[in-house]
Amino acid sequence: MQGMASVVSCEPWALLGRGALCTKARPGGGPAAGTVVAPGSPDRGRPRSRNSLASQDQQGAVTSGTAHKALFSRDTNFLQEINRKQEAAPTGTRHKAKSQGLVTFGDVAVVFSQEEWEWLNSEQRSLYWKVMLDNYRNLASLGLCASQPDMITSLEQGRDPWMMKRKMRKGQHLDLKAMQETKEFPPKDLSEETLFLAVLRKQLLPHRPKCSMVRAAWEGGAVFTTHRGLKTNSGLARDSPAQLVSAQRSFCKSVTWENCGDRGSVGQQSVQEAQDLLPRQDSHAERVTGRTWSTKLECSTFRDQDSECTFERNEQETVTPNRAFSEGRDGMCIESGRWFHLNSSDERSHNCDSGKSFSSNPVVVKETGICSGKKLFQCNECKKTFTQSSSLTVHQRIHTGEKPYKCNQCGKAFSDGSSFARHQRCHTGKKPYECPECGKAFIQNTSLVRHWRYYHTGEKPFDCIDCGKAFSDHIGLNQHRRIHTGEKPYTCEVCHKSFRYGSSLTVHQRIHTGEKPYECEICRKAFSHHASLTQHQRVHSGEKPFKCKECGKAFRQNIHLASHWRIHTGEKPFECGECGKSFSISSQLATHQRIHTGEKPYECKVCRKAFTQKAHLAQHQKTHTGEKPYECKECGKAFSQTTHLIQHQRVHTGEKPYKCLECGKAFGDNSSCTQHRRLHTGQRPYECVECGKTFKTKSSLICHRRCHTGEKPYECSACGKAFSHRQSLSVHQRIHSGKKPYECKECRKTFIQIGHLNQHKRVHTGERTYNYKKGRRAFRQTAHFAHHQQIHSGKSPAHHSLPSTSNPVDLFSKFVWNPSSLPSS
């Protein structure tokens, strides 16, 4: 038979120690033709296939480095003849022939680890490249390679072969037991970590796990720990330390894995790991240091099975003075259940379904904390824990007050970069997050999520454990929880008032500063709160987005809708602790409580008068400005308040909606009806603290108090005379104007006051209302009656001279008609 094509396979130590190559045994057994056998070792070469170690009966020959070119002679007729025989043979025979040695590139490919590759010198590496490329070309010329392997592509590109180690999971491994039997060992300077991993993989290879993901990582060198709480079986033969050479030291560690896809019986394997398979060389003590690095990841995929899967990656790292953790490591993302590769460099080599990217080993520990719920970083000040060190750093700025991120436009500072980035969108107007339902855009993604839940889905996944109230986001829940705890962590430095929310404090501080940063573009009115501006803009647009489902009434603000809804339900959740009175709106309760406390926080800057409500202050200020924006369309009369206009319009319409239940009398306004009812009840709730006199109305008490104080706030602009009552000023001004609005229907006589008209009417009717009991004399006016009583009491009348014309009331006593003064007939 002519010379056969020789395809070379080599063991790692063949290149390391002796510079020789071993050949693949031919199907017939014995050394291949045309090969040079090394003296003293006719059958000790133990080549391994990619899938399993070579059988004992396969023999190889070792050739010298100088004669390796003789191995590359080709004889295509030989292999083609074998192919024809196998195709013509029966099925059983064909399979047997295949098992006996039809060569593939996987059978002859040798993969070095990084540690092994580093021990090769430049000559050995060049020899390795040449042999592997020649082997591939030989097989390709025979048609035994359908496509170019990745390993050859890498070699042609000049990359080191150990980079392809994980892609070729079933690489060649050492058979330590076989080497012991043949008394043949690799050179002592071979990396002991390489030997250990080789033995470990060989021993556990028949017991690979069934789970595809777990098996893929296992074949790359990963080690798994069992699920806690699941049934396990143990049954793996253990390598005794006696099987190793005397110089070897060992330690034991349980290495287990399981079938993640099956809750049933879980196979558990245990092996003895050899830590120091070979004695260390002193010359290499500083260069090679074996270290074990573990990364534990908790698997949330199997929590519904009452179990916990942890992935532990034990790996021997070679650490040099200038290089550490150079080899990548495998891991699994717990959120996505996906395997990824870890590089020690800063580049991120994996993106999982949860949006996280992983780089170096410490980052994996950080991601482990997120997935498993563990919090690894604790603040020394408040003991709060975080899953990321960066979160702890940002949190610590709360205690230190540090705000390193400053806006160049407004000077506002922030403690974290994300808040600073969001703030800058306020200046740029950029709103990258748009609602797909209504098209509304937001600065923050969280704002879009809250909007989506609140307006479109109605989802409220966050429940309060105290009252059961649900919220669409955790921020709203946390703020609500402060109602139950009473916590008010935000305090104003000026007035020391505390608030539950930081936004409330910010708005409150504008009261002290007078800042109103939000301005309406239509009317230029400014507001201290953005929500107030939004509500105000609905006045111009007429928008009322909040609609009552019961009656269909629409409102500009959500809080107004909530208050209105309580009209239908009758709910009054806000109760006064002093008198027990309930209210449907919290602001009404706050206003009511000022009655008990006497607090009047709203003060007029002109007259220093204080009010309990801001609306009352606004109404009062119109008395100083003279502003009367509300005008009656019927008569043109103007009013300072809209309620006064409504009451006035009832004069034209004749509407009297308020009716007395006692006498049936109707009134145009509620206050008049309330005052009228006190005539029936005799109630006089307003008492003067000076003299004890009581009054039915509060306005009557206020006017009465001026008798004690002498206050006369109403002054005539024509003559300068002052009055204690506004009505007295109005009557007096008619003297200057000559206006007499009250006319007698009998004689057409006119009067300045309605009281004068009533007195005049008694002249026509002859009515005498006031009777004197002693003399049985009657009088039409109280003034006449009082003057007459002074005559009987012996007191001289107070005024004998003509009355002053300044008060027209005094003139009537001199001109009143008296029938007794007429001469008798």
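Note: Cβ is positioned from N, Cα and C throughout, glycine not excepted.
From the options 106-128, 198-220, 244-266, 658-680, the stretch Swiss-Prot describes as zinc finger is 658-680. As annotated in Swiss-Prot, zinc finger covers the listed stretch 714-736 rather than the other ranges in 139-161, 323-345, 714-736.
Ranges compared are 354-376, 377-399, and Swiss-Prot records zinc finger for 377-399. Relative to the zinc finger (405-427), the listed stretch 433-456 leads the set 433-456, 462-484, 602-624, 714-736, 742-764 in CB pairs under 8 A. Looking at which of 377-399, 433-456, 686-708, 742-764 has the most CB pairs under 8 Å to the zinc finger (462-484), the answer is the stretch 433-456. For the zinc finger (602-624), same-chain residues at least 6 beyond its ends with a Cβ under 8 Å from one of its own Cβ atoms are 591, 594-595, 640-641. Beyond the zinc finger (630-652), the same-chain residues lying 6 or more positions past its ends with a Cβ under 8 Å from any Cβ of the stretch are 619, 622-623, 668-669.
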